[in-house]
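J.: Once you've had a glance at the structure underneath, I'll fire off some questions.
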Amino acid sequence: MAAPWEDVLRDEAAIREAAAVAVDAALLHGVLMRTEREPNASDVVNYAPFTLLPSAVPSALFEQAYAVQQDFNLLVDAISQNKEFLEHTLASTIKVDDFTARLFRIHMQVLEEGLAQPVFLGINRSDYMFDCGVDGTPALKQIEINTIAASFGGLTSRTAAVHGQVLKVLGKSEEASRLLPNNPAKGLALGIAKAWELYGSQSAVVMFLVEKVQRNIFDQRCVENELWNRNIRVIRKRFRDVFEKGSLDDDKRLYVDGQEVAVVYYREGYVPKNYDQQNWEARLLLERSRAVKCPDIATQLAGTKKVQQELSRPGTLERLLPGRTEAVARIRATFAGLYSLDMGEEGDKIAATAIADPDRFVLKPQREGGGNNLYGEELRQVLEKIRDSPERTSYILMDKIKPQPAKNYLLRAHSPLQVSECISELGIFGVYVRQGKEMVMNKAAGHLLRTKAIEHADGGVAAGVAVLDTPYLV
């Protein structure tokens, strides 16, 4: 994909002027993060990192990603309701991965007690890259689906305005007018508001469950403000608050600090370091309650890499989405090659192939949050170490996607202005609400484009590697 800004990239003076305008526009529009030095204070803030110019995205692939999102919403929801599928798929993983095992144990305990939760809310983000095959034609390939704490729906709602301003300054008003409006914050809030309404108590609150370190608070505030605008009360609590001040009444209604909670929206709880023994107890309390969890623990498990790999096996999608032939075809068209490392002949063979040719693959552990995947020599060393151990079953192997790089400037506070060879990842936000067996809402809620320099194999914006971007459809 040729960058539409070749002429601009050669004009250093214009670039410097545009970068100064861009930074001020980002601050003006609220594309903000707290600083690393003061991650829990808003006295001093800075702009969230972003690209100077919007990146080219093939319009056909962009439309394909939007078109398949409702299918992915249905799929995630179907997996979350299928105890046998989760049990079978995660059987080898929970033997060697303590984090997944603990989540799974809570899931089973809650099922045995009987689900108290009548309404289900899913907010997920399906992430893709544009794979340039042998003939150079780009294809949409799914990297992963995030079913818990999918972030940047707020800040990306404000990024297009910044890029529009930059293009105008560079004399490209016509191109600026072609940038798509995008407001995931509103779409996510619509889902939360619907779940709150169906819960059926006007006085109940929405609880954002947040991390100890809250650098990315403004991203969350965008969604929060949409709820306040609908007169829905929002409280922000940590696991510790739930442990110390949380309780269930006889009807399993959840109270935290004396306030009834209708919806728990997780922006934490997706990696092992989020948990100590108290936090696990708080998570169990939340799961046992009537409150709408976003996500409930089954939906979190539906987003594991092992589930992703199982979905690529022939016949699996058909079993999970019976009678939905077209949806299955749309979903399958986005899959990259995924391989099991389970113990046995099949796993032995694929491990040997990856050790012999590590640059063909990515090795993925069962973790969210970016920065966990292994590539190249590191992949080979880890696989050689665990090739004969059951530990290898806690990973999956995926074909490495090879996108076409393009030049751009990545604007970061206190970093020099220099051009980089970059690749981009497109995320589509999906929101669904189910009451009992009835799907009440199912929609794509907006998009997120993140871009990083090609020397960084892995990691997102929160991990300090990728930056926010806006798609320019070509």
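Every residue gets a Cβ built from N, Cα and C, even glycine.
The model shown is predicted, which means the values in this text are computed figures rather than measured ones.
Pasting the feature list from TrEMBL:
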- Arg125, 148-151, 214-216, Gln220, 267-270, Arg450, 461-462: substrate binding site (BINDING)
- Glu144, Asn146, Glu368: Mg(2+) binding site (BINDING)
- Glu144, Lys305, 364-373, Tyr375, 398-401, Glu425, Lys452, Asp458: ATP binding site (BINDING)
- 204-302: domain 'Glutathione synthase substrate-binding' (DOMAIN)
J.: Near the Cβ of Pro365 (ATP binding site), how many other Cβ atoms are there if near means within 10 Å?
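T.: Taking all protein chains shown, Pro365 (ATP binding site) has 16 Cβ neighbours within 10 Å.
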J.: Could you count the residues of the domain 'Glutathione synthase substrate-binding' (204-302) that DSSP puts in helix, in strand and in coil?
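T.: Its residues fall into 40 helix, 26 strand, 33 coil.
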J.: Out of the binding-site residues listed (Arg125, Arg215, Pro365, Tyr375), which are within 10 Å of Asn146 (Mg(2+) binding site), Cα to Cα?
T.: Arg125
J.: Which one is it, among the binding-site residues Ser151, Gln220, Glu268, that lies nearest to Lys400 (ATP binding site) by Cα separation?
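T.: Nearest in space to Lys400 (ATP binding site), counting only the binding-site residues, is Ser151.
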J.: I'd like to confirm something. Which of the binding-site residues, Glu144, Ala149, Ser151, Arg215, Glu268, has a Cα closest to the Cα of Tyr375 (ATP binding site)?
T.: Glu144
J.: Let me make sure I understand the structure: which of the binding-site residues listed (Gln220, Lys400) has the fewest other Cβ atoms within 10 A of its Cβ?
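T.: Counting other Cβ atoms within 10 Å of each of the binding-site residues Gln220, Lys400 gives the minimum at Lys400.
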